[in-house]
Amino acid sequence: MATTFRSQTLSKDDVNYRMHFRMINEQQVEDITIQFFYKPHTISLLTVTVLSLMYFAFTRDDGDPDSNLRVGLILLVSFFLVISVLAFPNGPFTRPHPAIWRIVFGLSVLYFLFLVFIIFLNWDQVKALMFWLDPNLRYAKREADVMEYAVNCHVITWERILSHFDIFAFSHFWGWGMKALLIRSYGLCWTISITWELTELFFMHLLPNFAECWWDQVILDILLCNGGGIWLGMTVCRFLEMRTYHWASIKDIHSTTGKIKRAVLQFTPASWTYVRWLDPKSSLQRVMGVYLFMIIWQLTELNTFFLKHIFVFPACHALSWCRILFIGIITAPTVRQYYAYLTDTQCKRVGTQCWVFGAIAFLEALACIKFGQDLFSKTQILYVILWLVCLAFITFLCLYVMVWYAENYGPRQKSFSECEDSIYSEAGDSVTECKGEFEIDSTTSCSTRKRRDSGDSRTINGMEK
């Protein structure tokens, strides 16, 4: 019986789908100038890995069981990250190097697996693990047990107000500056800021440290710290949007100062994408997607406070601030991938980093619920329902205002192609502005035009060729 082989030809839609998904999940570096840093060195890496493993396995003293366990875990994480560099996708970013973002994705996978492991332990085992990591946690106390909140709110003095400008106020300001760089929308940033204060009110019966004086919550938090950070972040966004990005090869720069400057600029975005979460023609699915984005954002913020309250470690402990920094780093590619999924009709699935981030958020919440059953048994269901309703109302109101403003006062023709990436998209070493209403089909023509135009300029990013 003859066997018939049929050649399967991908349709144009399939090709576009794969191209669009690859742009956010496996961004490629274009116009590579120093081949050594981007060529695979798998054999060399394997050799170094095996030799280092042999060295640590046979030269160290294995008489201390505790030290054996710590060193073993450290090497396990290290070699998993080596595999991450070899096998995991780049994600949407390529600056300063794709390997950095593969390691970030590898760390997020490790944290996800760690949360899965934690969920299947009992409370005594979790506490024993925490005490093994840091014996000083045996003496840690909840902040709610040693501090008072929202006391004497009618007493308003300059001394009391100035006393609130501490390291946490600075972290609020700086944190909102970074959030604005990620979200790039005044409307969404202000909505998240306001709804978070409402979230604190609705969950105050569970977490006493959510209780704040009205002037602390409204003036210091919303207006000064959050508002100042949003303004700073959006100002930086506008500045980066107006720049024209032409990247010169470091080989074409002859001065030592120019080479050093180009090397430093490798740690800056390759381009900056104009972001528009909603427009007058947005579908209901897109609106609901933004609402889901708000819910997950609030859930991630809530996890920060519930984790340190249930597992009893202070805000200044390494477990707290390391998690905050880590979540902040993986949020960057997550938001980029979710934005592409939400706004690009050709992108039919979320990126892998976005998927892992969502799983982490829900696993953290699940761990809090499992090990904080005494706390959550006091939950007022009515408050939670009202919180969801208020969050939905404020979100939809904000979205309506954003669409109305864009329709009446927004730019008519201004838009940029999403063929590059930065904190949102980086397409490589040669970038510029491309006209169009987020039409990724024009990516090829835009990139060709950019490379042709960049060749006519003798000065690139302030460096003479």
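Each Cβ is built from the backbone N, Cα and C atoms, and glycine gets one as well.
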Task: D62 vs P98, membrane side identical per Swiss-Prot - done: no
Task: Leading contact stretch, 71-91, 287-307, 310-330, 381-401 vs the transmembrane segment (103-123) - CB distance under 8 Å - done: 71-91
- [ ] Tell me the residue counts in helix, strand and coil for the topological domain 'Lumenal' (57-70), as DSSP assigns them.
- [x] 9 helix, 0 strand, 5 coil
Open item on the list: Should anything in the same chain at least six residues away from the topological domain 'Lumenal' (57-70) have a Cβ under 8 Å from its Cβ atoms, list it; otherwise answer none.
Closed with: 132
